[in-house]
């Protein structure tokens, strides 16, 4: 007997000498997060700082702009909210641009446009000049908001797609916090100079974004749609958790792009349509049941993210705190910084929960929390407005509900529309579909921002928040009924979930069964490596 074999009826049973083989059957270790994909997601998500900074800085700057330029409340509403409507143009153009020049160069274009807009706003001498700056900056923000989640979703591995695709919302909140801090820091300057410095400082993050854009790889899905398989394979190898996952992702994208699986050329000819041709027809005129379901979910989640009125809380928080009884402008600006910290901390918590808990549980918990906190905020403001004396507990409750509403919003309703609204679109429709979602998002945000003062003057400030709470309640039932879970699924598996607006749960069970069968087959294949020794 040689080595450490034990013989049994002429057969040899592997023992110590085969420990290396037997070790292969230990449960595989969970792969570490891909650091390269992580870095790329951070760079792409810098684009979202542009919107966050503008929202945050405008909430404080508008106090000084109103006094300096002598504008009315209606003009205040317009200058605050109009950027969101200008975003519609930017988002629409960005969808076509990203299919034409690629995802990363679209990010660079977004940075350049916003830089010009921030420069113009900083040097505005009157209301008309300021509105020109808002127009240019709005186009840049529209570009940024459309392209950042698309690029990140297409680059990220399935195991951390929710984590990485939530980064744009994280950076919106970081930008928001920076805007609030900028308000407080520059409020000590001469009033006619302070607001100009606040707005002009927005050009700084756009410079870093442009530099980062040139150092990022192109989206592998866009490269394959251009027939550049060799480049796409290299990017997938660097952004996937394992080589096997890179091969699987490559295979899935080739199938979606209509490229034969046995094609291994670095460059292939791909049948191309003129940019946008047929896409709008498939999305709106002749959608399949699956595309219709996707469109309802994508448009619905972006609509409700803004319709529940959290932008009013963020943009007009100094006014809300004034209504609550905080009269000092310095104290109101400090209180807004607390709002920024609350949003930023909880959005960071959400990024780590998206791929662990899933989209649906976070989304439903978040929207329920928003409904309760806004209703309570409305109640506290109503009590304060109907009292001749200051009621400390109502003031405290009001401040607590402002902080609570932005916190629970950030756990789910903040990041999930950007994750979910990107990953559910088929590859051929993703860029244009995402631009529609961003368009709806910005349009509703603009309406909310440009109507809040008029709304609370018409139905009281407490009534405005009761209305928003009612919309949040409707949103809860919509999400519960129509939204499948996409956690941990490949983008191609996600496509298969859609088609039955209410009966999607049955398809989810089928996908789960298929996955289990594949895992069982893989286990049997691995066990097939156990062999008896040679007969002596």
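Every residue, even glycine, has its Cβ placed from backbone N, Cα and C.
Note that this is a predicted model, so its numbers are computed, not measured.
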(message) Of the ranges 311-332, 333-354, 421-442, which one does TrEMBL flag as transmembrane segment?
(response) 333-354
(message) Looking at 5-25, 131-151, I want to know which stretch TrEMBL calls transmembrane segment.
(response) 131-151
(request) Name the residue range among 193-216, 217-240 that TrEMBL annotates as transmembrane segment. (result) 193-216
(message) transmembrane segment per TrEMBL: which of the ranges 281-302, 391-412 is that?
(response) 391-412
(message) At a Cβ cut-off of 8 Å, and with pairs 6 or more apart in sequence only, do we get at least 3 pairs between the transmembrane segment (74-93) and the transmembrane segment (391-412), yes or no?
(response) no
(request) Report yes or no: does the transmembrane segment (333-354) come within contact of the transmembrane segment (36-62), defined as 3 or more CB pairs under 8 Å with a sequence separation of 6 or more? (result) yes
(message) Does the structure show the transmembrane segment (131-151) and the transmembrane segment (391-412) touching, where I'm treating 3 or more Cβ pairs under 8 angstroms (sequence separation 6 or more) as a contact?
(response) no
(request) Select the range from 36-62, 105-125, 193-216, 361-385, 391-412 that forms the most Cβ-Cβ pairs under 8 Å with the transmembrane segment (163-181). (result) 36-62
(request) Name the range, of those listed as 105-125, 193-216, 391-412, 459-480, that has the largest tally of Cβ pairs under 8 Å with the transmembrane segment (36-62). (result) 193-216
